[in-house]
Structure formats: structure tokens, C-alpha cells
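Copied from TrEMBL, the annotated features are:
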type	residues	note
ACT_SITE	His291	active site
ACT_SITE	His338	active site
ACT_SITE	Asp393	active site
Amino acid sequence: MALRRAATPLLRTQTRAASSTDLKEVVAAQIPGKIAEIKEFRKNHGGDSLGNVTVDMAYGGMRGIKAMVWETSVLDADEGIRFRGKTIPECQDLLPSAIEGGEPLPEALFWLLVTGEVPTAEQTQALTNEWNQRAGLPSHVAEMLDNLPKDVHPMAQFSAAVTLMNSQSKFAKAYAQGVNKATYWEYVYEDCMDCIANLPSIAGKIFNNLYGKHGHLPATDSGLDWSANYCNMIGFNDPKFIELMRLYFTIHTDHEGGNVSAHTSHLVGSALSDPYLSLSAALNGLAGPLHGLANQEVLVWLTQLIADLGSNEVSDEKLRDFIWNSLQGGRVVPGYGHAVLRKTDPRYTCQREFALKHLPDDKLFKLVSQLYKIVPDILLEQGKAKNPWPNVDAHSGVLLQHYNMTQMEYYTVLFGVSRALGCFSQMIWSRAVGLPLERPKSMSTEGLKKFLKV
Ligand code: CMX
């Protein structure tokens, strides 16, 4: 029966595409079915309510309002992130890796995010090859980075470089030529792939310009995967560091759509700004200390702690005093708390497992582990944070420090390289199913009072 149905042209294309190593062909085959699914769903349930919006939600940063569609991942408050239904441990089990039993390749996670399907090793390799082929930093972007003063924050450099890449946008050119809106996704896809291909070079150039002995950037090596290429460009060739980067670039990709960076890319993309402009906007949001910059803040805070207490081996009592002083000074404990999560972030847990496996005796790791036992109780006692548990940013820096990437102000760039994969996988679908301009209704306090007849 199923075979008989597979004889229709659409299903024939879908069947052929499922085994294809060409990501674009696989997505193209999925798009008509998704459009039909959404049309049917909206026809039958378009008027159904998703819940009430309260005055507190409007003033409280729109927490919990179900008001946007994001296909690629979903965040559960207790369980953490699922990428297309798969938890991080499941992804570690299922996704192709570069070495036997190693960490997943971000290429494989991108394939999963875009298609909802676990790629084969051949499909993953095809994506690696394609990104390597597409790499080639435009000279004006390289020159701009070379000419920036050294005190421009790496995230500002990153965002500026991605903005300048917009000169290459195939979507912007196609739009200017008036192409049919049904084909937008194809040009957006091209831009997303071109941009991803160049992220190792952009991030590598920023690193080498700021911290390298010389600004030289090795060319993309067609024999290396995306993460290994990045490591090669900055001269970090320890195989364990390369594995760490594969894990890092995998777990930071996507965290459903409402977080600042993902939502920003979605909002800006909805104006049909091209993927470069949308991503650079997202990077500017990621650069905030309550979001991605928290990975820098954690290391700054730990460094201060060690300086103040004179050692990274200190008693629980001294740590408690330091944390209370931080809180009483009106500062947050960076790396702890979350707007959605209510348990330890599984992205924290998998980094902790990496540390237990590869650097169990690292002194900074031991300090981070000690804090894991102490900070939640203090935050609970303080009684403000809704989630006292650590998030992804509490652990990433200590791993980077171990492998001698000590430049903490650079850390958020790595988060951004990875986050691009999540933003772009959804952006391809947003244009494919024709999501419209985002334009929520805002109200003044006076308008709210009138509306509620207060
Ligand atoms: N330390 C001290 N206070 C904290 C806290 C923390 N780690 N987390 C939350 N709080 C405080 C908030 O500042 C807020 O205080 P006020 O009522 O005085 O404004 C109160 O607890 C309630 O906040 P919440 O509802 O629990 O948390 P939010 O959804 O408002 O904010 C987050 C979430 C992540 C910004 C917050 O927990 C925080 O500032 N954490 C530290 C920064 C951090 O690690 N950010 C990275 C998050 C992950 C990421 O995006 O990369």
C-alpha cells in the first residue's frame, strides 16, 4: 500500500530526497508537505486559543506567551532542550561523529535541525564538503577586521563582519530583481549556507588579529570538518580541544525560538532582511550579559573570586561569603538561573561529563563543581531567582581555559558561531512556509488600564 502511494510524483521526489546527500534537495522535498500541514491545521484550529496574556506577562518580558512558531527545537522547563525531539544525550548517541564514539559533528546537528532527520555519515560528510567549498571570506570583510582597533569587543567585530557579508547576499539580490515569493527560501538557504561556511574564518580572524602572534589566517582545509577547520585556523590542534569544539558548536546551536538571539533573528528576518543582517542582529542580542555574554561574565567572576580569596582552593564558607557579597552588591551570579529552565541545564551536564572524562583534576573545574553544590542553596535562600540551577554558560569557560583558550572576552563569539546554525535552520523554514512580518501589539500603561476598565 505504502509502495503504491510512493508512485505519486511528490512521494517519488520525497523518497529519492530522503537518501540524498544534498541537504537542499531533502528540504525542497519536505516543504510542500509542511505547507499543506500548516494550512490544514490553521483551517481547522486557527481560532483556538493558546492561553491568556496577563498584565504581568506584558510587563514581565513576555515570559511564557505562546506567540511564535519555531520548528527546530523545543525547550522543556524540567528536561531541557530537544533538537527536533532529540535530547542532547540522544544526539550524542545518534549523530555521526568525526572519531569513533566521539562528540557529534555540528554539521550533523544542522542536518537534523533543518530536516528533522538524523543524517547518515555520508550526508554529514557531504555537508562538511559543501561548507568547505563555499568558504571564502570576501576581502572587504577581512580588511575591515584587520583595520579595527584592538579594543573593539570581539562580539562587536563579529557582528560587524557578518553585517558586511550582506554584500554577498543572494537573497537581497534576488529580492531586488523581484523573484517570486515562493522561491525566497532557496536564496535564504544559499545565504545561510554561505554564511555558515565563513563563520570559522570570521571567528578565526578575530581571534588571530587580537591574540595571535600574527594576524595570518590559514585557508580552509578541505580535509577537515567545520570545527576542526576553525581550530586549525587559530592554531589549536589538540585533538581533545577539537572534540570539545564539536560538542560546543553542537549544544549551543538552538534553544527554541523565544530567547533573545533566536527571537531577534526571527524578528529581523521577518522584515525580509537577508540572513546576514538577521544573524548580525541576533549576535548583538547574544552579546548581552544576561544572555550569551554570561559565558564571559562567569570567567570574569571566577577570576575575581580567585583574586579576592587568594586561591582556587577555598573553603565552602569563604565561597558562601563571596557569593552573598556579590548578591548584596546587587549583582547576579553569572551562569545561574534561566528564563525557562527550572532544573540544571543539560548543556551544563554534558560539559560537566566532558570535564569528568578529560580533565577531572583541573583546579578550575573543581572550583566550578564546588560552586554547583553551593550556589543553588544560596539562590534559594535569597528567594528571588525562579531557577537556582546552572545554565550552559556556567561551564563552558572552564573547559576553554583548560585548553589554553584564556581570552574570556572572546568566548561569546564561539556561542555565536554555534547559534547561527539554530537561527538559520529556522530561517530557511520561516521563508519556506511564508511566515509573515512580526508585529505584536504594544500598549501604553494608560491603554492597559482603559482596556481593563481599571
Ligand atoms: N543571580 C542572582 N539573581 C538572580 C539570578 C542569578 N543568577 N537569576 C535570577 N535572579 C534574580 C533576577 O535578577 C530577578 O531579580 P529582580 O526581581 O530583582 O529583577 C529575580 O531573580 C527573578 O528572575 P527570574 O524570573 O528567575 O529570571 P529571569 O527570567 O528574569 O532572568 C536570567 C533569567 C538568565 C537573565 C537570570 O537568571 C540571570 O540574570 N542569570 C545570570 C546571567 C546568566 O547566566 N545568563 C545566561 C542565561 C543563559 C543564556 O542565555 O546564555
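Cβ atoms are placed via backbone N, Cα and C, with glycine included.
Automated prediction, rather than curation, is the source of TrEMBL annotations.
Sequence features annotated in TrEMBL and their locations in the structure.
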residue: His291; record: active site; Cβ within 10 Å: 19
residue: His338; record: active site; Cβ within 10 Å: 23
residue: Asp393; record: active site; Cβ within 10 Å: 28
Using DSSP with the three-state reduction, classify His291 (active site) as helix, strand or coil.
-> coil
Taking only the CA atoms, the spacing between His338 (active site) and His291 (active site), expressed in whole angstrom, is 9
How big is the Cα-to-Cα gap, in Å, between Asp393 (active site) and His291 (active site)?
-> 9
